[in-house]
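Over in Swiss-Prot, the protein carries these features:
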| type | residues | note |
| --- | --- | --- |
| BINDING | Gly14, Gly15, Gly16, His17, Ala18, Gly19 | FAD binding site |
| BINDING | 274-288 | NAD(+) binding site |
Amino acid sequence: MVDFPSRFEVIVIGGGHAGTEAALASARMGVKTLLLTHNVETLGQMSCNPAIGGIGKSHLVKEIDALGGAMAMATDKGGIQFRVLNSRKGPAVRATRAQADRVLYKAAIRETLENQPNLWIFQQACDDLIVDQDQVRGVVTQMGMRIFADSVVLTTGTFLGGLIHIGMQNYSGGRAGDPPSIALAQRLRELPLRVGRLKTGTPPRIDGRSVDFSVMTEQPGDTPIPVMSFLGNKEQHPPQVSCWITHTNARTHEIIASNLDRSPMYSGVIEGIGPRYCPSIEDKIHRFADKESHQVFIEPEGLTTHELYPNGISTSLPFDVQLQIVRSIRGMENAHIVRPGYAIEYDYFDPRDLKYSLETKVIGGLFFAGQINGTTGYEEAGAQGLLAGTNAALRAQGRDSWCPRRDEAYIGVLVDDLITLGTQEPYRMFTSRAEYRLILREDNADLRLTEKGRELGLVDDARWAAFCIKRESIELEEQRLKSTWVRPGTEQGDAIAAHFGTPLTHEYNLLNLLTRPEIDYASLISITGQGCTDPQVAEQVEIKTKYAGYIDRQQDEIARLRASEDTRLPEDIDYAAISGLSKEIQSKLGITRPETLGQASRIPGVTPAAISLLMIHLKKRGAGRQLEQSA
């Protein structure tokens, strides 16, 4: 066995969305980092749909960006259609979504990786972990090379024991065209970690030259074109294109229903549970039998390819059935399938065996991020990767680990849900999962996280300077509005009354006027002739002013809960020894091993009375230790 000539502080296994963010985060913090990938050509590859963002997901992307991550900037460089979803609703649920050119997105990620100081890339599959006395010491590659490191971050995606299904045929694979990680999967199953199987799928890809777009509904992007990154601009965007909408029909549903016996999912061949919120077309037909049709979004895969992604017809049915399904859909009667759809089963590990840092509880220095933790989606993977990479670097630096709270970031919601509740199906982020979504908007992710990112070493000088200018501009504009008064009967007062249809009864400052629902910031500054032209600053001023009462109420609630939320539970606490706790609650607490009282309170079945007993126990334990020290 040969040793690699260099030792690293952090090794990241896997070059997908979790792995790239993990490696970049660690390296940005000044830690010597190795990114180990089975194929350098697939770094940052979009394995499924060619899109970034969406409801709940864009919040994660913006948080990654606020902490210096690459996903949003790569989206701005590769995005070929941008839309703001829920644009007519409140700011808490608005979400930016971008179609991405696969080639351009992947190229942007690779360029970022190759130009990141402290980061080395090496092409080799990982077959084994070096573990000594419950501490990870490094990895062993497929050619028997040992590489030593203080911490290892596993971001293996769907590759662990990956099994691809098309009809009744199945074969080993990490995704179509890539080998699975069999040796590593077997090694991980030897560790004292709970393991399960999940499933995901992808639709057949269609040749756009064989599609009749004239009978479909065009879906253009938004104008003006949104940007994804806080540092992004429209000039970075490549040429923009449209998506198209068509629908399944009674004939489509009949084809699927009559072939369910040939579906590996319905014949019992597939054991893994698939994503609830991204079901296969056969699952939709079975679960929603009363629906006459389902939308199919025809999404371009890029500017230099004819391939289309028919979002909404993910399937693992045999190829001949896939062809019938596709050709039964309006506009695709003569469609040519370039790549068949398939389902893939893979190993995942119960995230309740992780700490908030995403370090495993049983092996020191071993971190998990992405689909290995039971999540689905590029954005969820990227967020976990950034957090795991950050904490691996903090460990190397001898610093305390970090994870944002539920009231600080969607990343915090994601991790808390996973390590507290676990998951039996692929976990997807939604805004509805966050209790404090009015303060966790996508538009203020930088105001929530960039200062912390700077403290951790994740945010570079350029981003920090831009952020400081923005933050100061918001404060100055709020002060200007607060100190600018308008009186009834004056030229400005009459202009405001005429424009908004609201007569002024007495003197108002502009900040007071902006709280009114009928008055918007853009119109206000056009009348007064003064104001901020930076759209990000203007947006923050308007949202903070109009929703101030609701935001203050949420902040008060957070402050009340924070004391118990942050109270830490000792790692060696013996729940069986706490009198008054039921056997059921003792068992649940013993299995999850919550890190704080707040986390304990969110375990299903753990009652407020049980939390009170824990608080009493902690006070007694603290008093007992003080007596021991004074004796």
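Cβ atoms are placed via backbone N, Cα and C, with glycine included.
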Neighbour count, 10 Å Cβ-Cβ cut-off, for His17 (FAD binding site): what number do you get?
33
In Å, rounded, how far does the Cα of Ser280 (NAD(+) binding site) sit from the Cα of His17 (FAD binding site)?
23
Residues lining the FAD site besides Gly14, Gly15, Gly16, His17, Ala18, Gly19 (CB within 8 A of their CB center) are Val12, Thr20, Glu21, Ala22, Gly44, Thr155, Gly157, Gly370, Ala381, Gly385
Taking just the CA atoms, what is the gap between Gly15 (FAD binding site) and Gly274 (NAD(+) binding site) in Å?
23
Students should find that the Cα atoms of Ala18 (FAD binding site) and Arg276 (NAD(+) binding site) sit apart, in Å rounded to an integer, by 21
Reduced DSSP assignment, Lys284 (NAD(+) binding site):
helix
I'd like to know which of the binding-site residues Ala18, Cys278 has the most other Cβ atoms within 10 Å of its Cβ.
Ala18
If we count other C-beta atoms within 10 Å, could you say which of the binding-site residues Arg276, Lys284, His286 has the fewest?
Arg276
Length of the line joining the Cα atoms of Gly14 (FAD binding site) and Phe288 (NAD(+) binding site), in Å
37
